[in-house]
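Chemist: As listed in Swiss-Prot for this protein:
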- R15: site 'Transition state stabilizer' (SITE)
- K22: site 'Transition state stabilizer' (SITE)
- R152: site 'Positions MEP for the nucleophilic attack' (SITE)
- K205: site 'Positions MEP for the nucleophilic attack' (SITE)
Amino acid sequence: MTTAAIIVAAGRGTRAGGELPKQWQLLAGQPVVARTLAAFRAAPGVHRTLLVIHPDDRARAEALPDVAEGTVELVEGGASRDASVRNALEALAGRGVKHVLIHDGARPLVAQALITRMIEALDASPGAAPAVPVSDALWRGEGGRVVGTQDRTGLFRAQTPQAFRFEAILAAHRAHPGGAADDVEVARAAGLEVAIVEGCEDNLKVTYPGDFARAERLLTARPAP
């Protein structure tokens, strides 16, 4: 049984500040995406890893050790996130992949235990996604003022890697018109059941400048491998 990981790193996000997209900025001396790749390369249940990049980032990507050594395959992304994922899925078609994990390149702190849980969840469901229950109070705002509250019962903060049986999510992407926020949306549009798996608070997506400092603190607190 072959499990592939797709690391989506084709975005041009600038909210993190700096001259480079967030996935190429340094985190404790390494590009964010290099740390993300390392997590999946070390996962015993992952047999193949694809990195989806923007064409302008090819030189940076080819300089990554995992890419230079041939252990990670590059795929150029599309005009949107779902188009980028579709390109990677098509690159895996016909190559004997049973399961696929789709992960944000800007989530470098994904834990091995979470990767394992996601793969195992596919024994019982065609799709699975990690999530953390919403614990903060939720407000509705208008014009800079609070105008109401929102019941948080049953609400979750979505994370990645989102896991799917390969042929099911490939068919779902081929049928989807585009514009999905994530792969769970694509899967559900195709009628696929998606199980919720316990996520991890440390599995943050590096998005804003302050996220780098938090991620470095979390890395420092981790035991040495």
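Including glycine, each Cβ sits where the backbone N, Cα and C put it.
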Chemist: For R152 (site 'Positions MEP for the nucleophilic attack'), write down the residues of its own chain that are at least 6 apart in sequence and whose Cβ falls under 8 Å from its Cβ; none is a fine answer.
Modeler: P133, V134, S135, D136, A137, L138
Chemist: Count the other Cβ atoms sitting within 10 Å of the Cβ of K205 (site 'Positions MEP for the nucleophilic attack'), across every protein chain shown.
Modeler: 18
Chemist: Express the distance between the Cα positions of K205 (site 'Positions MEP for the nucleophilic attack') and K22 (site 'Transition state stabilizer') as a whole number of Å.
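Modeler: A Cα-Cα distance of 10 Å.
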